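**Q** Please find one structure pasted underneath; my questions will follow.
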Amino acid sequence: MTLRSPSVAVLGGGTWGTVVASITARHTGTVLWLRDPELAATVRETHRNPRYLPEFDLPPTLRATADLAEAVRDADVVFAAVPSPYLRRVLEAAAGHVRPLIPVISLVKGLEQGTRKRMTEVIAEVLPGHPAGVLSGPNIAREIAQGYAAAATLAMPHHHTAQALQTVLNTARYRVYTSDDVIGVEIAGALKNVFAIAVGLGDGLGAGDNTRAMVITRSLHELTRLGTAVGGRPETFAGLAGMGDLIVTCVSPHSRNRHVGVELGRGRPLSQILAAMNQVAEGVKTTAAVTKLAAERGVEMPIAHEVDAVLNHGQPVEQTYRGLLRVIPGHEFYGDTW
Ligand SMILES: NC(=O)c1ccc[n+]([C@@H]2O[C@H](COP(=O)([O-])OP(=O)(O)OC[C@H]3O[C@@H](n4cnc5c(N)ncnc54)[C@H](O)[C@@H]3O)[C@@H](O)[C@H]2O)c1
Ligand SMILES: O=P(O)(O)OC[C@H](O)CO
């Protein structure tokens, strides 16, 4: 990879891909790939993305295309912002056109259905030999587009590559830290969505502030236990990608995952909630993968289980919090249970 002004390709012109491409376009040549040719033409011609970020002007230097080969052909680094169910397919389509050995960075917060793989594992399978990394943190895209200060963690096995990529991401108000704990950063980003649904459920049911604090804190405990069981480092879960992202997703009115929980708590059926959104709530699909992963590793995750019961097994929402309160509390830090 060139150290100076690397060319960037961002795959996925949803909310987050568009915001990250807008950041990198301020530093260097950037192409945004959108799968819808009409939307790509609109972004190219109007410098706006009316479907996902209608009120924001995008940098005029940001190029947009619906041609995947054209998007990646000259890239020195690829950022992938395609939701987890579709990432493998998009990377497979791009694979023949990506230059050898360039870094591929996931911006995605989900696990692959069926395989329960992290997105950097999917990248490694589809694009072997490419250094794979993940950028994750408390990053509500809309707030970053508005210019509110935020930070994230870029995790890669090779520190020098992460350092080179910091230069295309850092701005005065977007601070990117580095890490080599790819597993921890990635698993934290996927799991926090499940717990945001849990917190939303409580909020929708009218639970109190103490309840919210209890669920967030115990969620961090569950997240850390599964995260360390699969190879993440404990300190990662106390950092931006762990606690930081858990907090924002559990409390922000902009969070799509929390929104799903709130609406379920208010009694709306899941199918109706999802049909009314034109955006992804990764936690909905990730929950089943997480509970299966927890079972495989022998990690107890009562909060995630309650979310799974509501989403995938028809459990009435009112039973959810009652179910959690029935579990006898153990030692706060060393027990196996809730
Ligand atoms: N929005 C945020 O604030 C934010 C912040 C950090 C990370 N993320 C993560 O970024 C990823 C992308 O989320 P987003 O918010 O940009 O998405 P979004 O909800 O704004 O948009 C949906 C995206 O999914 C794509 N899509 C839908 N169906 C598809 C298909 N069949 N094949 C390929 N692509 C398809 C759309 O083209 C669009 O790019 C998610 O994993 C999300 O968790 C989002
Ligand atoms: O809107 P959500 O729930 O997908 O969360 C967005 C980001 O992941 C928050 O960091």
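Cβ atoms here come from the backbone N, Cα and C positions, even for glycine.
Per TrEMBL, domain 'Glycerol-3-phosphate dehydrogenase NAD-dependent N-terminal' is recorded for 8-161. Sequence annotations record features per position, and here TrEMBL assigns NAD(+) binding site to Gly12, Gly13, Gly14, Thr15, Trp16, Gly17, Ala141, Arg256. The NADPH binding site annotation in TrEMBL covers Thr15, Trp16, Arg35, Tyr52, Lys109, Ala141, Arg256, Val280, Glu282. Marked as substrate binding site by TrEMBL: Lys109, Arg256, Asn257. The sn-glycerol 3-phosphate binding site annotation in TrEMBL covers Lys109, Gly137, Lys192, Asp245, Ser255, Arg256, Asn257. What TrEMBL lists as domain 'Glycerol-3-phosphate dehydrogenase NAD-dependent C-terminal' is 181-320.
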**Q** Are there any residues at least 6 positions away along the chain from Lys192 (sn-glycerol 3-phosphate binding site) with a Cβ closer than 8 Å to its Cβ? List them or say none.
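**A** Listed in sequence order: Lys109, Ser219, Leu223, Gly242, Asp245, Leu246, Thr249, Cys250.
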**Q** If you count other CB atoms within 10 A of each CB, which of Asp245, Glu282 wins among these binding-site residues?
**A** Asp245
**Q** Is it possible to get the count of other C-beta atoms within 10 angstroms of the C-beta of Gly17 (NAD(+) binding site)?
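**A** Its Cβ shell of radius 10 Å holds 24 other Cβ atoms.
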**Q** What's the CA to CA span in angstrom from Arg256 (NAD(+) binding site) over to Glu282 (NADPH binding site)?
**A** 9
**Q** Please determine which of the binding-site residues listed here (Gly12, Gly14) has the lowest count of neighbouring CB atoms within 10 Å.
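**A** Selected from the binding-site residues Gly12, Gly14 on minimum Cβ neighbours within 10 Å: Gly14.
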**Q** Looking at Cβ-Cβ distances, which residues of the chain lie under 8 angstroms from Asn257 (substrate binding site) while being 6 or more apart from it?
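**A** Listed in sequence order: Asn193, Val194, Ala196, Ile197, Gly200, Thr249, Ala281, Glu282, Gly283, Val284.
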**Q** Looking only at C-alpha atoms, tell me how far Gly12 (NAD(+) binding site) is from Arg35 (NADPH binding site), rounded to the nearest Å.
**A** 7
**Q** Starting from each candidate's C-beta and looking 10 angstroms out, tell me which of the binding-site residues Arg35, Lys109, Arg256 has the most other C-beta atoms.
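**A** Ranked by Cβ atoms within 10 Å, first place goes to Lys109.
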**Q** Which residues does Thr15 (NAD(+) binding site) neighbour through Cβ under 8 Å, counting only same-chain ones at least six apart?
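**A** Those within reach of Thr15 (NAD(+) binding site), by Cβ under 8 Å and sequence separation of 6 or more, are Tyr52, Leu53, Ala141, Arg142, Gln279.
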**Q** Count the residues of the domain 'Glycerol-3-phosphate dehydrogenase NAD-dependent C-terminal' (181-320) that DSSP assigns to helix (H, G, I), to strand (E, B) and to coil, and report the three numbers in that order.
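**A** Output for the domain 'Glycerol-3-phosphate dehydrogenase NAD-dependent C-terminal' (181-320) reads 107 helix, 0 strand, 33 coil.
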**Q** From the binding-site residues Arg35, Gly137, Ser255, pick the residue whose C-alpha lies nearest to the C-alpha of Gly13 (NAD(+) binding site).
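**A** With Cα distances computed to Gly13 (NAD(+) binding site), the winner among Arg35, Gly137, Ser255 is Arg35.
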**Q** Please report how many Å separate the Cα atom of Gly137 (sn-glycerol 3-phosphate binding site) from that of Trp16 (NAD(+) binding site), as a whole number.
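**A** With the alpha carbons as reference points, the distance is 12 Å.
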**Q** Within its own chain, what residues at least 6 apart in sequence put their Cβ under 8 Å from the Cβ of Trp16 (NAD(+) binding site), listed in sequence order?
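**A** Same-chain residues close to Trp16 (NAD(+) binding site) (Cβ under 8 Å, separated by 6 or more) are Ala81, Leu107, Asn139, Ala141.
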